[in-house]
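Record features, source TrEMBL:
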| type | residues | note |
| --- | --- | --- |
| DOMAIN | A:64-252 | domain 'ABC transmembrane type-1' |
| TRANSMEM | A:12-33 | transmembrane segment |
| TRANSMEM | A:64-90 | transmembrane segment |
| TRANSMEM | A:102-123 | transmembrane segment |
| TRANSMEM | A:129-148 | transmembrane segment |
| TRANSMEM | A:189-212 | transmembrane segment |
| TRANSMEM | A:232-252 | transmembrane segment |
Amino acid sequence: MNTIGRTTANWIILGLTLTFLIGPFLIIILAGASDTEFLAFPPQGLTLRWYAKVFTVESFRASFMLSMGLAIFGTLLALVLGVPAAYALNRYDLPGAETVRTIVAAPIIVPGIIVGLALLRYVVVPLDVTVTMALFMAHTALVLPYAVRVVSSSMHNLRGDMEEAAVLLGCSRFQAFTKVVLPNIRGGVLAAFILGFVTSFNQVPVSLFLSGPGVRTLPIDMLAYMEITFDPSVAALSALLAFMSLAIVFVAERLLGFSRYV
Amino acid sequence: MSDTYVQLTDLTLTYGQSVAVPELNLGIREGELIALLGPSGCGKTTTMRAIAGLLAPASGRITIDGRDVTRVPANKRGIGLVFQSYALFPHLNAFENVAFGLRLQKLSANEITERTLQGLATVGLTGYDKRKPAEMSGGQQQRLALARSLVMQPKVLLLDEPLSNLDARLRLEMRTELQRVQKETGVTMVFVTHDQAEALALADRIVLMKEGRIEQLGTPADLYARPETAFAAEFMGFENIFRVEGGKVVSDKGTLPLGFATTSPLLAWRPDGVTVGSGPHEGRVVATSFAGAHREYVLESALGPIKADADIALPRVEIGETLTFDLPEATARPLAA
C-alpha cells in the first residue's frame, strides 16, 4: 500500500474507534434532552427539563448519596488495606507472594455476577449483615485489587535503602514509612483512589445481587426506575454521571499525571 | 589496644542458613579512615551493615567507644552511612534532606537551619539548598548524602563504595574531599570498596577480606609492598605468581630455573618487577600496549603468560617476536602457601 493509502486507512480506523467510544456518550446526552415523554433518539425537540427532573427524584438522591458513600469510604478502606499489602509484596521476599498477587487480582478476573452471588450466598446470608454493610464489604473487595496494583506500580521504583537511610538518621520503621515511603507514592495512592472511586461508583453486577429493599446504589436504582418509567431522565442522569467521571479524571490527569499510574 | 574505638568481637553474620562472616575480630581506632577491601561476596558490605545495625549478628559483640551496641537498634546507634546509591529522599530538596535527621531530634529551628547550612557548606554545596536531588549531578548528590550523614555528628561514618559511581575526574576530587572532611571533623570513617587503588589512596589502614575472613590487615604501604598470601598479592597487582619446587619456578604449564635460593613455597612479581630485554629466559610477545611511562607486554613463556612492563626507552617489540626476560630476586615477593 502507498503512503497516502496507509494514512487514509489510519484515519478511518481512528475515526471508527472514536465513534465507537464517544458515540454512545453523545447519544445519551442528546437522548436526555429530547422533548418527549419517552426515551427517543434522535431527539425530537430539545429541552433541559429532564436534566432538571433528575434532581427532583427522591430515590435518585438517596441512591446517589449511598453510591458516593460506598465509593469514598469503600475505596478509603481498600487503600488502608491495600497500601500496606502493596508495601509488603514489594519490600519483602515473602513466600507465596505470587499467589497473593493472583488472589488479590481475582475480583478483576472473575465476572461480577459470580462475585455477587458468592458474596450473597456465603457471606451476607450466613453472617446476616445489613444490606448497606454487605454493599460496603463488596465494594471494598472489588476496589482492593486496583488499590494494590496501582500502589504497587508506584512503589516499584522506590528503593529499600531510602528507608534504611531514614532509619540511620533516627526514624523508627514506621516513621520511615510515613516520612519517606508515603510522600513518594502519594501520586499512586491518589490515582488508586480515583480509579477505585470510579470503579465502585459505576459498579452494577455485584450491587445487583446485594441491593435490598429501599437500599440501592445509583446504577441499580436507575435500572429499577427504567423498568417503571421510560422517560428521558435516565439518559440525562447517565450523561451527568459521565460528565462527573470525566471531570474527575481530567482534574486528576492535570494534577498528577494520572495516566502514568493506570 | 587501648585506642580501639570500634571493636568487633567474634562477630558471626549470616543470611538465613549461609554464613557470610564467621567469627570476625577487628579493632578500629578513633579518627582513622579504614577500608574494607575485597571482591564481591567477601563479606565487607555485610560487616558494614552489621556495624550500622541494619543486620543483627548471629553471635558476637560490637562495641563502640566502650559501649556494647550489639542489641542497640540502628536508629539509636548514632552511626552514619553514605549509601552507594546515595539513597537521597527525592521528594525533599537539598536543605530538607540534610535537615531530615536534625528535625527528628526536635532541635530548635535556628539550630536546624544553622547546622544544615553549615553541613552543606562543609561539602561545598552552599547555594544548592533549594535543589531537588534529581536536579543535581552525581557528584553533588554524593556530597549531599555525605552532608546528610555528617550533620548528625555520627560516632562512625560508613561509606559504601563511595567512589564507584563517579567518573574518573570526580573520583579524584571526591577522594580529596573525603580526606579533607575526615581531617576537619575527625570522624572515624569505614569505607567499603572492591577497588584496591581506591583503598590504597584513601585509607589509613586496609582490611583485606576474603570469604568472610580477614586475609591481611595493614597500612596501604604494607599491603602494597608486603602481601602475605597469593590472594593478597594478586589484589595488590602482583600478576605473576608461581610455585617454587626444588630450585625451580613452577606453573601448571611448565617450569623455569630459578636464579637464587629461597625457602618460600610461592614467589610473586609485579609486571614492573620483571626484567625485560635481558636475562636467561625467553618469551614470545602475544600482546603489547602503550601505557605512557612504560610498555606493557604479555610474554608466552615456558611458565605460560608472563605480564611484564618494559621501559619506554627500549625499542618496541612486535607481536610474534621473542623477548628475553628475567624474574630477579630483588623484586620477588615471597608468599605463604
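The backbone N, Cα and C atoms fix where each Cβ goes, and this holds for glycine too.
Predicted automatically and left uncurated, TrEMBL annotations should be read as such.
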Ranking A:12-33, A:102-123, A:189-212 by Cβ pairs under 8 Å to the transmembrane segment (A:64-90) puts first A:189-212
Top stretch by Cβ pairs under 8 Å to the transmembrane segment (A:12-33) (candidates A:102-123, A:189-212, A:232-252) is A:232-252
Within the same chain, the residues 6 or more beyond the ends of the transmembrane segment (A:102-123) and with Cβ under 8 Å of it are 85, 129, 134, 137-138, 141-142, 144-146, 148-149, 203-210
Spatial neighbours of the transmembrane segment (A:232-252) not adjacent in sequence (6+ beyond its ends, CB under 8 Å) are 25, 28-29, 31-34, 36, 38-40, 50-51, 53-54, 57, 60, 190-191, 194, 197-198, 201-202, 218, 222, 225-226, 258
Other same-chain positions with a Cβ less than 8 Å from the transmembrane segment (A:129-148) and lying at least 6 residues past its termini are 66, 70-71, 73-75, 77-79, 81-83, 85-86, 89, 101, 104-108, 112, 115-116, 119-120, 123, 192, 195-196, 199-200, 203, 206-207, 210-213, 215, 217
